[in-house]
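Please read the structure below before turning to the comments.
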Amino acid sequence: MTATTGSDDPHTNATQHRTTREAVTRRTGRDIVSTDSTRLDTPGLVCALEDDHDDPASRRAKWKGYFGPGGNLRPFRLLKVDLLNLRGRWVSDWSIFNQQILASSIYIFFTNLLPGITFASDLYQLTGESWGTIEIVFSTGLCGIIFAVFSAQPLTILGVTGPFSVLAENVYELSQNQFQVSFLSVMAWSLIHAGWMHYLLAIFNAHDWTMKYVTHFSGDIFSLLNSVIYFHKAAMELKRTHERTDMAAFLYAIIGAVGTCLVAILLSTANRWTPFFHRYVRLGLTEYAAAISIILWIGIPYIGELRDLNHVRLEVSTTFRPSSSKRETFFVEFWKVPVEWVFLSIIPGAIVTVLFYFDHEISSIICTIDRYGTRKPGGFAWDVILLGTTTIMCGILGIPPANGLLPQAPLHSESLLHYVEKEEESPRPTTSDSQVQEPQFVARTYEQRYSPLIQAVLILVFVSPPFQKLLGFTQTSVLAGLFMFMGYQSLSVNPILNRIANLLTPPADLPQLPDKVTWVGIHGYTVTQVVVTGIVFGVTLTVAAPAFPLIIIALVPLRLTLMRKIWSRDTLRLVDGWACRQGKPEDEPPVVPEETSLPLDEEKAKHVTS
């Protein structure tokens, strides 16, 4: 230890005394009072105090801080708050229903069902026909209904994700092909283990010591990543079409994909077509843009000579029974597995837990960011409990589990976005001509449960054979166009896109920045986000894809430590902020490691998302 020397300056000694005293108080939990300002500056006393910090009483006090009232690890602390919030908002969530909510239901129905079916075609091959279209649709609809009714944040949309498909492929290869053990039984145990791990995360308030420090830096990267993934999915869908059909049908598939996307984009701007059409017509075209485009381009190939082309269509089931011919019912006899596999399944169960927890939490955060103007409290801990329950249920039923989806979750909020006049605390000032100033409008989202419930019920209806057959009329080119539109919708509201535009703008045409903020710093920040997105996207193309949320989470400590040394506080304050609470990291004092375990203020424990 380096000796601390005193100073002849009384003011300096007093400052050193106060600083040391505060540090010792933080370390030991006790206030050290000394009448001699130099005594606390002596190496011997500092060493003694540091040794005293390690005594049994201090350690007990530290652990009591963790598990005591208001502590980070206090069992059920956030769950209690979440249940109170849920009880306070549940009735009001059913009190509003209008045309925009219905249109949102239809839009999310298409954007959730059709991409899920593409995962079904992949899973059908990758899992030896264990999971197919019927399992994907069943899981998405069932889990969606449960979350729409019982979750604390109904804006989050659930479905089967691509990273889980990669994990399922690896589990199948290991269990079925290498060890000849039932894949569905091993997966059932994996999901059961994942379920109780979700319970532990919720009980011990994982949200407070994980997602509390997430900023828009990570959230914007995750949102951009999903935009890139959906554009990539569109390209891969067209590539598969090229491999399965002739050149004429492939060229039409390109036309159909681009047409589906462009018509949806065009109709989504109908509100700005003034003075054409009645305003209700323009509103309807805007709200049902994706649905109109999808139905239009599904029907076009059945007209004229286009009927003779060899179109590639979605592969669907024709009966309400499991995809595998070896299964008769949706139930897995998971106990009929070697006992060692019950314990080995903990490993994939832990991977599922990490994947689902971070994926679902980030989805819930992004769909309630500031731009959507959400005001009702969420409930991350309760939703993790619910997610663990549906995960166990899916394992026992032998269907793939669903969790929070991107970009469907923020697209859901986007489709419910509207603007209301800002409430004035005092009368609006008037001009010299006694004319009232123009009213100000703020963004709001219809926070209700009808839209997630309707889309989930519609999806569940499509497990019946007649509706499955109806799905079979859909060309994969339409699906590729829908992927493009979803990528566009997600990208168009991402702040990174605006900063990329600034990056390409001549310096003379850029707007004025606040003092101490430079465009060089902002451009560097933007380029960093784009490069990191590219790296994470590269990971999603490998066998390590299920772990990509961990990379997003790893950005959190990097943002709060390393980036503060590269960019100025003023630059970071301008471009970033906390993702699930008010304020900015640069407006708060540096976090001392010993203080991170101190009890949280009970008001902060409500974690009302902004």
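Think of each number as a place in line: the chain as shown, counted from 1.
The backbone N, Cα and C atoms fix where each Cβ goes, and this holds for glycine too.
Database features, via TrEMBL:
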REGION    1-35  region 'Disordered'
COMPBIAS  1-17  compositional bias 'Polar residues'
COMPBIAS  19-30  compositional bias 'Basic and acidic residues'
TRANSMEM  101-124  transmembrane segment
TRANSMEM  136-161  transmembrane segment
TRANSMEM  181-201  transmembrane segment
TRANSMEM  213-232  transmembrane segment
DOMAIN    245-576  domain 'Bicarbonate transporter-like transmembrane'
TRANSMEM  247-268  transmembrane segment
TRANSMEM  280-300  transmembrane segment
TRANSMEM  341-358  transmembrane segment
TRANSMEM  379-399  transmembrane segment
TRANSMEM  479-497  transmembrane segment
TRANSMEM  535-558  transmembrane segment
REGION    583-610  region 'Disordered'
COMPBIAS  601-610  compositional bias 'Basic and acidic residues'
Assess whether the transmembrane segment (101-124) lies in contact with the transmembrane segment (280-300), where contact requires at least three Cβ pairs under 8 Å among residues 6 or more apart in sequence. yes
Tertiary contacts of the transmembrane segment (136-161), defined by C-beta under 8 angstroms and 6+ residue spacing from its ends, are 82, 85-86, 89, 93, 108, 112-113, 115-117, 119-120, 123, 330, 359-360, 363-364, 367-368, 374, 377-380, 382-383, 386, 389-390, 393-394, 397, 399-405, 408-409, 412-413, 416, 445, 447-449, 452-453, 455-463, 468, 609
May I ask for the residues of the chain that lie six or more residues beyond the transmembrane segment (213-232) and have a Cβ under 8 Å from a Cβ within it? 162, 362, 365-366, 369, 406-407, 410, 483-484, 486-488, 490-491, 494-496, 529-530, 532-533, 536-537, 540, 548, 552-553, 555-557, 559-560, 563, 576-580, 585
Counting a contact as 3 or more Cβ pairs under 8 Å, with residues at least 6 apart in sequence, do the transmembrane segment (535-558) and the transmembrane segment (181-201) touch? no
The transmembrane segment (181-201) touching the transmembrane segment (379-399) per 3+ Cβ pairs under 8 Å rule: yes
Which one of these stretches, 181-201, 247-268, 341-358, 479-497, has the most C-beta pairs shorter than 8 Å to the transmembrane segment (280-300)? 247-268
Under 8 Å for C-beta pairs, could you tell me which stretch among 181-201, 247-268, 341-358 has the largest tally with the transmembrane segment (479-497)? 247-268
